[in-house]
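**Student:** Please read through the structure below; I'll follow up with questions.
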Amino acid sequence: MIRKRILTSLIFTIGLTLISPLATTTAKAAETTTKPTLAAKYAVSIDYETGELIYTKGIDEKAYPASTTKVLTALLFAENKQKTDVISYPESGKNQPDASLYVNFKAIKPGDTMTGDDVMKALLLFSANDSACMIADAVSGSESSFIDAMNKKVADLHLKNTHFATVNGLHSPEHYTTAYDMSIIAKEAFHNDWVRETMGTKDATIAISNGKTIKIENRNKFLGKNGNIGGKTGFTTPAGKCLVSIYERDGRKMVGVVFKSDSGANDDIYFKDMEKMMDYSYGAKRVVDLKKGTELEKLKLEYKPLKFFGPTKTIEVPLTLEEDVTYYKNEINDKETTRTVNLNNNSKDLDAWTLAKNSDKIKLDVKERAYSKSYNVKADINTSKLITSNIILYFIVLAVIILAIALVLFIISSINKGKRSKGRRKKGIF
């Protein structure tokens, strides 16, 4: 009896030991797939390659971007200048507030120059406001002209909720964007080799033509951690703490934006917001919107059973999904996603015979905001089915044809007999 109890206890203990890691794994998976609560008022994550929306929170609401504006400034700089170009420090540079090369380091003055590469580093690592002025003058001749170029770029990206009024993100009521629009700007900027390389730089020593050098560090505290491969911080009192980040885990890139977040005692709440959002986004799974086998609609088609003549009939053809339709569930996708059956033909000219020959070419086009995919649809129709459904008509037609042929043959035969009989009478043959 005692041995039996000991054996039972041992088996129970071993069982718990084996099961507990599985239970822990499940709990962790559940944590990463539950949408987190963020301090940020506005936030979004998108798949870098597909543009799919994954995490959404007030993504289309007006927000002030602060120094994340410099992501667009950097992109325009990279598109118009080279790393080796000589960039002059303008008079307007010394009027810019902290963070600034002039204010923080006292190492530069109007007329001094830097290489384009060092100006880009000052912009994206240290977030120097005056470096944005250097870029504006070098690219467009003035800040106002550069702002025009910024807004043109915004229009080219088809972003309708963004308007820039400063080159560096200093606050203005007319300088605003949305979390979603900024994610598109960041994605576009990160495509640029120079911008991407600079965003991924942790620290640098930049040089000024007067012989002075400045050591700067990237303000992106999470760079190089948990897949963070680039980003840009921002802050003004109206904007709150802002952060744009690009992550890559297991070969998959994502763009994240958090606006109007908090700092906290360690100035890291907005970074933690980003980390929580990315953990969730990488753990998120597509959910089934429409199951395989779902009947999408019944297509009413007219056709002639005899193809080119005869009566016209109408048939209802069920269109059925051949695979699951999936998506990332969020309020934007729930609201905006459209689903359209694509017959790959002009539906006005489509008849049952044509569809029967192309029943496997129908698609369901699913369109999200910046992502689309086509799913296979099967039409429950084929040539055999059409023939079978009209078999009686075909037998009747065949019978009529046979009778017609028989009648024609009978008439011909009668005519021939009449001719032969007439010929005999003429010859006097009875």
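Glycine residues also receive a Cβ, built from the backbone N, Cα and C atoms like all the rest.
Got these off TrEMBL a minute ago, pasting:
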SIGNAL    1-29  signal peptide
DOMAIN    31-261  domain 'Peptidase S11 D-alanyl-D-alanine carboxypeptidase A N-terminal'
ACT_SITE  S67  active site, proton acceptor
ACT_SITE  K70  active site, proton acceptor
ACT_SITE  S127  active site
BINDING   K232  substrate binding site
TRANSMEM  391-415  transmembrane segment
**Student:** Taking every residue in the domain 'Peptidase S11 D-alanyl-D-alanine carboxypeptidase A N-terminal' (31-261), what is their average pLDDT?
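**Tutor:** Reported value for the domain 'Peptidase S11 D-alanyl-D-alanine carboxypeptidase A N-terminal' (31-261) is a mean pLDDT of 98.
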**Student:** Round to a whole number and give the Cα-to-Cα distance in Å for the pair K232 (substrate binding site) and K70 (active site, proton acceptor).
**Tutor:** 8
**Student:** Residues with Cβ closer than 8 Å to the Cβ of S67 (active site, proton acceptor), same chain and 6+ apart in sequence?
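**Tutor:** In sequence order, the residues whose Cβ lies under 8 Å from that of S67 (active site, proton acceptor) (at least 6 apart) are S127, N129, N168, G169, K232, T233, G234, F235, C242.
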**Student:** If you count the C-beta atoms lying within 10 Å of each candidate's C-beta, which of the recorded positions K70, K232 ends up with the smallest number?
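**Tutor:** If we count Cβ atoms within 10 Å for the recorded positions K70, K232, the smallest count is at K70.
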**Student:** CB neighbours of S127 (active site) within 10 A?
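**Tutor:** By my count, 26.
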